[in-house]
């Protein structure tokens, strides 16, 4: 939402009563169809009276262009007759909101409003039209094809794109960024400046702290001079607080630290409930990078060494983040020129668990897991605010005036999600759906304005990395009589993402013919084909359905599962013509767009069949699960807290085999769980090959039918897309 827009307010309590009453009855009486009455009441009582009326498409379009609501450049890529036809086609699909929350979310957060906030200027169809006009880039026939995919909820662009497409006064189409900080004042200063600029533009920024020298390290060879990373964290937190989008919301930021950094325990202590105000970090999110060796040390009940990043750089000429601590651990341990301190590995993991119960932080990135899966020559050193983006980066170098001596390569996230249920229902059109989705995300990467962050601009222009994700897994499973914690659920997840990966790589391969290969393609495991060995050098029936029920589903929806021969042909084409994009898939939490699409979030199970949300002045909103009715209720009945961590990790691990980046994995624990239970969850996720752990949510025991109480964590509005 742009800084000039305000959310419309309700004039009277009567405005609220009827549709809120209908919505509440969906929970009270277990009559989920009543929620559709809430939708109708909301549209009639709230939306229509506050929607500006136009007598023709031309009158509306002229008004929106003349008054700087719509970007004339987007409109002018098409004739008026084409615009009118696309708009007419959009309304011909007769889109209807599946629940009250979907309608409320659209008009509250996405619909274009007059600058004074009094009137709506768009319905859902109009917002979709502006997206397809931009994403089709002047191609009328493509716009019609893409219109079908979006308005049928098969593909949903991420919030920054869906919200801002076609607007004259807008934010960026991409709102998630990753920045390295190196161990010098110029890099620190430039990072803070860039953070302010990106946050000013509604961006969420993750920053790497692993390479900063520890507290007590030398400065200009004088010992015990460095203050360590905590003061930098304070500066960053203040920067995000200051850059608060004109008071609309505080900037979103995260910092990642390698767990073998000497300041790691102080880093974690900043999130303690009883932390001293001098070190306490309230709003900045924390993430840890944990290599395999740390788990091995904990398993053996050994002490873990923390290595001076300053000494590592002096000795090896490499930053801490750019070496494999697992591979070099014992060499570093024996090197007398590397200062080291020791802590108990098990105590370290216990501290993480304690903090997860207190705050939900830190995020965890499994260092060696993501780098083993990495197809590129440079190391992955961090993730983003939702722990689904894992891409290599390169450091920048600066002059003393903070101008660039050498522009490195940093990261931005271009995201969008498939609705799994609707994608399966697309049947034989699945390949076209994924082709259009990849092309749309690719276009966003090519039109995004990133001048304020030259290293991010360079990384984006060289790589055009994408993050095609997915949502509504639980919704699809439940409506097809499959329990979330069943072998059929894992089987379906495996084969679905196997199929999506094939079509995503195929789409990028076709784009490469038109747009060229991404930079350094020749130096990747894609170019030599080894990345695809998991598909081409296994038994021909390895990637096939293992349960009759799942095979029957693919047959029912007429979704063709790629064969090994299909993969071999695709790999040959990739080796010949390349890929347009360095990365293709990443599964974000999909908070906002799941509500907008009235479906279940990401790959997670629902929290309960009817979720309770608090939405400002409206109070509680009851959100029935996807197509919830009395027939499928039993498949939604056990929510995330009842299921426990194992089924969720099993699902994520099945998908992760085919996702070249990461998957936002949230763990749900009851208040009966112990730190030992959480440690078991970390180990299980690590052993199953998950790339990361996002939040840990802990539910407190409450009275039946009262609101679900969890540790209140500020969801990332940027990355939950």
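Any Cβ shown, glycine's included, is placed from N, Cα and C.
What you are looking at is a predicted structure, and each value in this text was computed from that prediction instead of being measured.
Cross-referencing 159, 369, 403, 563 against the substrate binding annotation in Swiss-Prot, which names 175, 176, 204, 384, 385, 386, 387, 388, 589, 590, 591, 592, 593, picks out 159.
Across the fold, the C-alpha of residue 384 (active site, proton acceptor) and the C-alpha of residue 694 (site 'Important for electron transfer') stand 10 Å from each other. Ranking the recorded positions 384, 388, 413, 694, 695 by C-beta neighbours within 10 Å puts 384 at the top. Secondary structure at residue 176 (disulfide bond), taken from DSSP and collapsed to helix, strand or coil, is strand.
Of all the recorded positions listed (176, 386), 386 sits in the most crowded Cβ setting, with the most other Cβ atoms within 10 Å.
Spatially, by CA atoms, the recorded positions 176, 413, 694, 695 include one closest to residue 386 (active site, cysteine radical intermediate), and that is 694. For the pair residue 388 (active site, proton acceptor) and residue 695 (site 'Important for electron transfer'), the C-alpha distance works out to 12 angstrom. When the alpha carbons of residue 413 (disulfide bond) and residue 695 (site 'Important for electron transfer') are compared, the span between them is 19 angstrom.
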